[in-house]
Amino acid sequence: MESDMTLGGQSQPEEQRQASTAPAAPAEVAPADPNYRWKVLFSVVFGTFMVILDATAVNVALPTLQHVFKAPVDQVDGVLTAYVLALGIITPLAGYLAERFGIKRMYLISLFLFVLGSVLCAFAPSLPWLVAFRALQGLGGGMLGPLGISLLFGAFPEKQRGLAFGLYGIPLVVAPASGPVLGGYFVEYLDWRYIFFINIPVGLAGLLLGFFWLRESRRGTAARLDLPGILLSVISFGTLLYAIQRGSSEGWTSARILTLLSVGLLTFAVFVVVELFRRDPLLDLRLFTRRTFTVASVIGWVSTIALFGAEFLLPIYLQSLRGRTPLQAGLLVLPLAISSGIVTPLAGALYNRIGPRWLILAGSLLLAVNTWGFAHLTLVASYNEIMVLVAIRGVALGLTLQTTLTVALTGLKPAQLPRASSLLNATRNVFQSFGIAMLGTIVTHQLTAYQDAARNDLYNAATSLGQRFLQLVQVLQMRGLPAAAAQKAAAGQLLGSLVPQQFMQSINDAYIVTFWLALAVAVLALTLPGRTRLATARAAAEEGAGPASASAPAAAPASGAQGS
């Protein structure tokens, strides 16, 4: 049974009294439109696909940007860092802004900001301007996710939300695999600016669809501004995300990274305490008193690392070790988009029939088996084998990703959805960045360890490498090189020849970590409620929300009525 405890010392009668007296705009009477929910789905999918496609396509262009702007790697990385920071900072605010100004209005504003940022990025005259405009893109893109989720949950009744989120999940799984293909094509055959130009017609079409198809259930409410929560979230999420982004390149033990991590963790701890004892928190952390929400959130965090954290390893393998171009690497990953795009809506349709437990369990076990295959890739693995592994990974992704999100929000009242979706998106952003940084650090650490071990073996005559070293030194000396020069040349040649295999083994080691994470998701999936308990939770939510909740867009809560 879900826990309904409330923190902050506020009794339920007082909450009800405040909710009844808080100024709230009356709900609009929605015209009878049997197709409205599908219009919402199409509009939200349109915007979400564009944002994710752009984010993954930009990654491919980083080497080109380094060449065009003649800038070092750490400066070009700012194109990614600025976007991630802006996205991480704005996402916690999405719930409050939706309550205050209306979900439709904020969705259109967010989409407009993203399109405007795309236009400015396409015409950026220098790298600093490009970094600034990418931050503007992040401000828009960071709100589209939680706002889109709220729109979908408000438009679809509980019994159809599994299917709705299965269809909504198509862009979430197809776009990350399609982005590198599109970005690689633009970089190789056109110009990097087309990565941003492509957003303009798509974004304008999305704005028109949203303006004419979406409707607002409320004009906005007098939601209280949680100023301490905003300040603490900006500092904590901003510093943590920046430290995670820069930790691999600057070193996790560097003074600046340690300072940023300390500040971020300290302010986050204060943020948690402040939010738990506020009546109108920026992020409703009391949702974690609900067992299903907590378990689903943890599954989402771990699976995000296992799924997306490991996704960046494959392009590194294909481009750095197999010599593929960005476009060729993107085409090899394309089967993931196809398989996940097929399976995701099927999983959504099965959600109400068998429940989330078995879908997530099957997906996580399949992911574990698949990851074990990736952990044993070699430098001569066939591309057909790689494409089969990628396609199977897409099936696991389709079974797991949207199912986890749907079960986390099941049973919540419409008033809780904006801030609940903001909370889910904000935490997933952090864990996705953490997963990439963690696995990148593992690869770097293991590569260094293998190279150190090789150097030790090089000067040990009892090892095979040591014997090869002595033989090569003798050959070079016979060719006229002095002893010192022969030893240096032999060491460089032998150690250099080992780097590809050492790099391959380091990537395999990182995949082994994600294998264990996938097994952890499988164990956690067994603790999820079954189909019967979810049906009970849905019925309770619909009964508490009133008869209009199943078809009307998610309404913003009145001030003081945000408890879980």
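Glycine too: its Cβ is placed from the backbone N, Cα and C atoms.
Database features, via TrEMBL:
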type     : residues : note
REGION   : 1-29     : region 'Disordered'
COMPBIAS : 19-29    : compositional bias 'Low complexity'
DOMAIN   : 40-533   : domain 'Major facilitator superfamily (MFS) profile'
TRANSMEM : 40-62    : transmembrane segment
TRANSMEM : 82-99    : transmembrane segment
TRANSMEM : 106-125  : transmembrane segment
TRANSMEM : 131-153  : transmembrane segment
TRANSMEM : 165-186  : transmembrane segment
TRANSMEM : 192-213  : transmembrane segment
TRANSMEM : 257-277  : transmembrane segment
TRANSMEM : 298-318  : transmembrane segment
TRANSMEM : 330-351  : transmembrane segment
TRANSMEM : 358-380  : transmembrane segment
TRANSMEM : 386-409  : transmembrane segment
TRANSMEM : 510-528  : transmembrane segment
REGION   : 542-564  : region 'Disordered'
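Looking at the domain 'Major facilitator superfamily (MFS) profile' (40-533) alone, the prediction's average pLDDT is 85.
Remote same-chain residues near the transmembrane segment (358-380) are listed as 299, 303, 306-307, 310, 313-314, 317, 321-322, 347, 350-351, 386, 389, 392-393, 395-400, 403-404, 407, 500-501, 504, 507-509, 511-512, 514-515, 518-519, 521-522, 525-526, 528 (criterion: CB distance under 8 Å, separation of at least six residues from the stretch ends).
Cβ atoms under 8 Å from those of the transmembrane segment (298-318) belong to residues 176, 180, 324, 326, 328-330, 332-333, 360, 364, 367, 371, 374, 377, 386, 390, 396-397, 400-401, 404-405, 408, 424, 427-428, 431-432, 434-436, 438-440, 443, 504, 507, 510-511, 514, 517-518, 520-521, 524-525, 528 of the same chain, restricted to positions at least 6 beyond its ends. Listed by sequence, the residues of this chain that lie at least six past the ends of the transmembrane segment (131-153) yet keep a Cβ under 8 A from its Cβ atoms are 40-41, 43-44, 47-48, 51, 54-55, 58, 78-80, 82-91, 93-95, 97-98, 103-104, 106-107, 109-118, 120-121, 124, 161, 164-165, 168, 214, 405, 409, 414, 417-418, 421-422, 424-425, 429, 553-554. Sequence-distant neighbours of the transmembrane segment (192-213) (same chain, 6+ residues past either end, Cβ-Cβ under 8 Å): 36, 39-40, 42-43, 46-47, 50, 54, 57-58, 61, 64-65, 68, 104, 107-108, 111-112, 114-115, 118-119, 121-123, 182-183, 186.
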